[in-house]
Every structure is written in C-alpha cells, then in structure tokens.
Amino acid sequence: MDSVVFEDVAVDFTLEEWALLDSAQRDLYRDVMLETFRNLASVDDGTQFKANGSVSLQDMYGQEKSKEQTIPNFTGNNSCAYTLEKNCEGYGTEDHHKNLRNHMVDRFCTHNEGNQYGEAIHQMPDLTLHKKVSAGEKPYECTKCRTVFTHLSSLKRHVKSHCGRKAPPGEECKQACICPSHLHSHGRTDTEEKPYKCQACGQTFQHPRYLSHHVKTHTAEKTYKCEQCRMAFNGFASFTRHVRTHTKDRPYKCQECGRAFIYPSTFQRHMTTHTGEKPYKCQHCGKAFTYPQAFQRHEKTHTGEKPYECKQCGKTFSWSETLRVHMRIHTGDKLYKCEHCGKAFTSSRSFQGHLRTHTGEKPYECKQCGKAFTWSSTFREHVRIHTQEQLYKCEQCGKAFTSSRSFRGHLRTHTGEKPYECKQCGKTFTWSSTFREHVRIHTQEQLHKCEHCGKAFTSSRAFQGHLRMHTGEKPYECKQCGKTFTWSSTLHNHVRMHTGEKPHKCKQCGMSFKWHSSFRNHLRMHTGQKSHECQSYSKAFSCQVILSKTSESTH
C-alpha cells in the first residue's frame, strides 16, 4: 500500500493558523477540499483516508460524517496536511501516481495566467493575507484604477464594474476559478443562466447554494426578533443591519460629501455618484447605469418580463421584493410603525420617506438650483428639467416626459384606465396619490396642519401650496417672460399661452383646448350636463363661468 501526500496541492495550516481564518475563508477551504476528494473518489472506489489522532473536517465545521462519503481527516503533529492511503492494486505504477497527482493539482487549483486586465488572481486562502487584513491593510489592488480592497471578493466585484456584466462578444471571461464546479457556476454569471428554481415562490438562482440559502427564508425559524418593530430574521447579520434602521447608526461615511450609510453595499454604490462611472449600458436604448441592479430593472422595461405572480390576485411583478411588499396588502401586515403619529407602513422605503415629513430632512440637493428633495426618484426627475432629458415619449400624441410615473399617468388619459377604486363610494382614479387623498375625505384624516393659521389638509401637495400663500414663494418661473408661479401646473398652463399648444381635443367636434377645465366645460355642451345651479332662479348652467356672468347681470 502506497500513500500519496498532497502537500503540493492542499494548503497546509497548523491548528493555530486555522483558528485565525474567518468563516468565509474556512467555508472556501472546506468546499474546495470536499470537491477535490469527491473527484478522487470517483477515480477509484477503494479510496481510503487515514489519520492518526487527527482533527476531522466534521469537528471543525460541526457536521456529521456521511455514511456514503468518506471525508479526509487532518493529520496530527500540528499539521493540516492531508495523507491519502489507497489500495494501488491495478494502479501501482509510478506513472499512475504522477498522473493522479497532476490531475488533482489541475482540478484543485486552476492557475490563472491573468484576467482581462492582466492581473493574476489566486483564490486559495492565504494566512499571510489574512494577517494583513487583521492589521488593517488592503492587499488587493485593481490594476486599472489602483483602488485597493480588503477582500478578494470585493476586488472581483469591482473588476466587473470596469467590464460590465458580460464579456465582449466572441471572448471568454478569464476570471480565475478554483475548481471546475466554480468555473461552471461562474460561467452562468456571464450567460445569466439561472437553472435552480424555488418551488415556493418561483425565484431562480445561478447556484444551488444560493437556492439552499433562499429556501431557508421560507422554512427556517426566524430566531432573531427586533424588539421595536417585531420583525424577525434568520441570520444575525441581517438582524444587525436591520437594528441600525432604528438606532440610526451609520458607520460608513463618505469622505467627499459627508453622507453616512448603514450598509457597506449602499456606501459603495454612493461612491460611484462622485466618479460618474456608469459601466452598465442598455443595448436597446443606450442608457447607462451605475448599478447592475438598476440596469437589470431597466432591461425588464424593454422585455416586459414579470416572473413573480401573486397567488391571491394574479398580479405579476418584475422583482421578488416587490411581490413580497405587495403580499402585505392581502395580509394587512404593516411592519413599520411611526413613533410620531402612529401611522404604519408595509415597506421600509415608504416608512423612511414618511419619517422625513416629520424631520424635514431633504438629503437630495440639486447642484444647479439648490432645490432639495425628500426622495431620490423625485430628485432624478427634477434634474431632467435642467438637462431637458425626456426619456419617455407617447406614441399616440408624441408628448415626452421626464419620469416613468408621469408617462404612465399620461397613457391612462388615452386608454381611460382608472385602476384605483374607492370601496366606500365607488369613485375611480387614475393616480394612486389622488386615490389616497380621496380616501381621507371619508376617514376625515388630515395629516398636514399649517402652523400659521391652523388649517389642515389631506394631501401634502395641497399643504405645500398653502404654505406658499404665507411665505409668498413662487418657485416656478417662465423662461420666456419671467413670470413666476406658486404651482407647477399653473406654470404649464401659462407656457401654453406662448406656445399655443392645445393638447385637449374633443373627439365629437374636433375642437381643441389649452386647459383641461375648458375642455371639461365644452364636453358638457355635448352631454347636456348642467351641474351649476342658480339658487335664485333654479336655473342650471354647464359651467361656473356662465353661472357667474348670469348672476352678475340679473342680481
């Protein structure tokens, strides 16, 4: 019986060195070693692993030994080198052992000659690097922009920002992979193949490990519960990140603008706003994005893909998180409650935005005019006013819009769709915001109260307009004549005096109107509706103007 030693294949750690490795490095080491020995076992069924007084992988990871699979032990004498003892009957030649060793080296650690930027990346756990990380050093450097990173995984993510998500046509991705299974799964990141599907919600994944982790969100007990909002989590890391939303602990601070963030991922995304880097470009319309998530979300606007369906109402969504938030409408689950006014919300985003109505925080400021905004989406729409960028164009009338929300609302003026219906009176609405304001008429809920005169309002828009009556602020200025207005809608109507635009056209007689109010009054001429009645003569008129003129001449 001959023994084959794998010192030139496996990484040799002492037990003291092993104790210094973090969990991610241990997991990587375990996965590589297990696959290596599975591959070796497939070469010969008689493979056996022997150690004297050793500490096993199961002891280190707290896992039970499988009956179907023999897992190697760490040898004694303060070494984690592996020794293979196998019956070499039929395989006893020296050439066979040489070939076997070469085979294991190739399978275990594929050496990378250099990725697309010329740097070599070696993915084996390295104790020296680990000690550097502990000392606060950042040993991984990008050769393209010289940015340094603490972890290899961070460098790899950063490298993708230079090349985009996909390799150029006809070229293969040259990123280094430890073993064939990692290389195979990495290939899926380039092809976007996601063959592993969750049976509970339909979400798909590129790797079985991601699916296994996701399944726990459906089945596993959530042991970490937040005392403030009673939200529960599977993992301690997720729980810790959530707690920061209550404590306002923001450990990641931008040195350029001073903004602080709860999550490192959010901080990294923010840093790209200073560099202006947008590596993800849409092949359909040419629009570029800073983040891959935003790029993927945008792509679905072209494909119309909505793989996530609500089982209760049949509504479909492009994103799983949007489906989860939607499900709370059916369950009535409102996890986020405001301590100031008691209002509860189904989504964290809505809750954070609501809190700013109490604090007055407007973190998004326009560099051109100094105007500040509560929401990033509103800020982006405002910026397009300066750049005159109009991404959304109506195919029916040619009108263009700076925001998708305004564009969708405009489309409903053509289709007549009013998807929001009041359950109390049956009235329908084109906009969700208008619907919410209407509901408050029934509930008599008035969230916004003026400190100057005590008047209360059901909508923030009406409240903001009212405040301008006290301050005299008129932020909307006509570029042609310099006249200023309190409301943006008033400015739009005024601009039509200069352009002569008449967007409201009567389908019955072909007449066009500049203003929607004039158009409505005209429609009543066709329908015969007379909603304005004179109290003195009990005579009705189709519009308020005619009633007012009649009253002035007769009374």
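Placed from the backbone N, Cα and C atoms, the Cβ positions cover glycine too.
Between the stretches 37-59, 60-82, 336-358, Swiss-Prot puts its zinc finger entry on 336-358. Across 280-302, 308-330, 364-386, 476-498, stretch 476-498 shows the highest tally of CB pairs under 8 A with the zinc finger (504-526). Secondary structure of the zinc finger (476-498) per DSSP (helix as H, G, I; strand as E, B; remaining residues coil): 11 helix, 4 strand, 8 coil. For the zinc finger (448-470), the model's average pLDDT works out to 81.
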